[in-house]
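**Q** This is the feature table in TrEMBL:
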- 18-37: transmembrane segment (TRANSMEM)
- 98-496: domain 'Major facilitator superfamily (MFS) profile' (DOMAIN)
- 151-169: transmembrane segment (TRANSMEM)
- 175-193: transmembrane segment (TRANSMEM)
- 200-219: transmembrane segment (TRANSMEM)
- 231-253: transmembrane segment (TRANSMEM)
- 260-280: transmembrane segment (TRANSMEM)
- 350-371: transmembrane segment (TRANSMEM)
- 383-402: transmembrane segment (TRANSMEM)
- 408-431: transmembrane segment (TRANSMEM)
- 468-491: transmembrane segment (TRANSMEM)
Amino acid sequence: MSFAELLDHVGGMGRFQIIYAILLAIPVFMMASHNLLQNFTAATSEHHCHVHININNTPYTNLTGKLAAKDLLRVSIPMDSNQQPEKCHRFVSTQWQLLDSNATVTNLTELETDSCADGWVYDKSTFTSTIITEWDLVCDSRQLKQMAQSIYMAGILAGGIVFGGLSDRFGRRSLVIWCYLQMAVTGTCTAFSPSFTAYCIFRFLTGMAFSGIVLNGVSLSVEWTPTRTRAIVGTMYGYCYTTGQFILAGVAYAIRSWRWLQLVVSLPYFICFSYSWWFAESARWLVIAGRPDQAVKQLKRVARINRKKEEGDKLNIEVRLDLREAERSHQLQQLIYFAYYGLAMDLQNFGVNIFLILLVFGAVDFPAKFISILTISFIGRRFTQALALILAGLAILANIFVPQDLKTLRTVLAVFGKGCLAASFTCVYLYTSELYPTVIRQTGLGLSNTMARLGSIIAPLVKMLEEYIPFLPLIIYGAAPIISGIAATFLPETLNVPLPETIEDVETRLVESIGRQEQ
């Protein structure tokens with residue numbers, strides 16, 4: 001009896017699987033909050049130099065308290081081309097002559113300026129505080145904002161490498177429990193960071209936990225879910241993430257202080273940690289790890305919860321021996337790479353309210369993921385993955401030929417591309433988890449996650465190329481998913497196919513697939 005048959009024997013998609021899927025889905029609602037959080041906690045407000053004006057011993061001594069704020073700025077700070085105060089410079093000395101409308105100033109550029117030695121004044125009408133306003137990450141320090149996000153993404157990359165390998169050795173359950181706790185603790189510590197350096201350290205650790213939750217959550221879900229319902233459960237997690245974007249927009253709209261916002265999206269993971277002790281270890285992993293007795297124990301527990309106690313009691317020592325025979329020696333593993341190259345697409349700035357942008361990007365995910373679940377379930381994983389990536393790339397490339405003034409058309413293409421990438425994202429975790437055998441599933445997912453995070457780290461560097469060739473970033477962003485989509489057509493289909501347990505299973509299926517193609 002194969003493991004898939006054993007799973008059907010103890011209830012298939014029963015109460016245990018439904019409860020398990022729901023409990024694994026709850027943390028996903030808040031994952032979008034951490035991934036997209038810096039759009040709000042690191043939002044850059046309008047700002048200008050803080051100035052101290054001494055009007056004593058000047059012809060304007062009697063004007064104390066009477067000058068309008070804009071007039072005080074005019075004599076203290078140079079104006080840019082839009083007649084707004086420059087963000088990073090101020091006059092060395094107060095230019096009182098600029099108040100006289102009859103006075104003629106030959107060349108404003110010749111007036112001596114220096115940097116904002118006394119700090120900055122920020123517009124707090126949208127956000128009362130951000131890491132930008134708290135640590136003055138503007139002007140010469142403005143690149144630190146992007147560095148903070150890159151450090152977070154580097155944490156996700158490191159988490160994929162570390163937790164992917166560890167869970168194949170120590171199990172999925174223990175790692176996901178630890179990652180819930182790490183996400184809660186480091187996320188909370190981030191809210192109380194005393195310095196920017198501490199903030200970056202805690203964000204790195206939060207990124208690691210994020211990666212561990214995703215990888216181990218996917219594996220636990222896939223390995224306890226019957227073949228026929230895996231696509232539906234996987235898409236449900238995708239919708240949970242999309243809904244999380246709406247949650248983040250609402251919470252960020254209500255909470256405009258970055259520390260409180262960071263705290264609110266981190267505390268729920270303590271609840272996830274508290275109930276995660278109920279989780280059952282993957283019976284598939286227990287078999288591969290040489291613990292068939294514990295695997296049978298977990299299957300009996302599942303049968304009891306699914307009201308199939310009698311069927312569970314039939315899992316006797318003979319079944320244990322059958323499971324033991326399924327083990328394979330894998331000390332010298334030859335990893336079969338089914339790589340998915342993650343693409344981070346830099347969407348155009350819509351020029352509207354930041355909260356509305358997040359809602360639009362979230363809304364397009366609903367129809368995209370609904371269509372993807374239909375194609376995943378009835379046509380196949382390979383078709384869905386390849387088509388979604390190729391269409392996303394074509395949409396990006398199409399924007400090269402659309403004039404900048406046709407903002408509506410450019411927006412439609414960008415949102416369409418975002419929807420295609422959302423459909424691809426829904427498919428990719430399910431597809432890769434089905435391609436890798438149980439013995440190295442987490443290591444393989446960690447590898448794929450590493451490639452995805454490398455893409456997200458490189459994406460901002462590619463964007464910088466537009467200073468030399470304006471359309472070059474779009475060419476790179478568009479070509480990458482098209483190439484990935486074409487590569488996906490060479491992968492084997494996994495629709496209605498049981499999960500492979502060992503590397504030998506994958507090799508056998510690969511040989512059979514090649515044989516069918518030759519016939």
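Yeah, the Cβs are placed from backbone N, Cα and C, and that goes for glycine too.
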**Q** Using Cβ atoms only, state whether the transmembrane segment (468-491) and the transmembrane segment (200-219) have three or more pairs under 8 Å that are 6 or more apart in sequence.
**A** no
**Q** Between the stretches 18-37, 175-193, 200-219, 260-280, 383-402, which wins on the count of C-beta pairs under 8 angstroms to the transmembrane segment (231-253)?
**A** 18-37
**Q** Other than its close neighbours in sequence, what residues sit by the transmembrane segment (200-219), given a CB gap under 8 Å and a spacing of at least six beyond its ends?
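**A** Non-local partners: 24, 27-28, 31, 34-35, 147-148, 151-160, 162-164, 167, 172-173, 175-176, 178-180, 182-183, 186-187, 189-190, 193, 234, 237, 266, 282, 285, 429-430, 433, 441-442, 445-446, 449, 453.
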**Q** Kindly say whether the transmembrane segment (260-280) and the transmembrane segment (408-431) touch, using the definition of 3 or more Cβ pairs under 8 Å where each pair is 6 or more positions apart.
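**A** These two segments do not touch.
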**Q** Six or more residues beyond either end and a Cβ under 8 Å away: which residues meet both conditions relative to the transmembrane segment (18-37)?
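**A** Residues packing against the transmembrane segment (18-37) from afar: 180, 183, 187, 206, 210, 213-214, 217, 220-221, 224-225, 233, 236-237, 240-245, 247-248, 251, 261-262, 265-266, 268-269, 271-272, 275-276, 278-280, 305, 358, 362.
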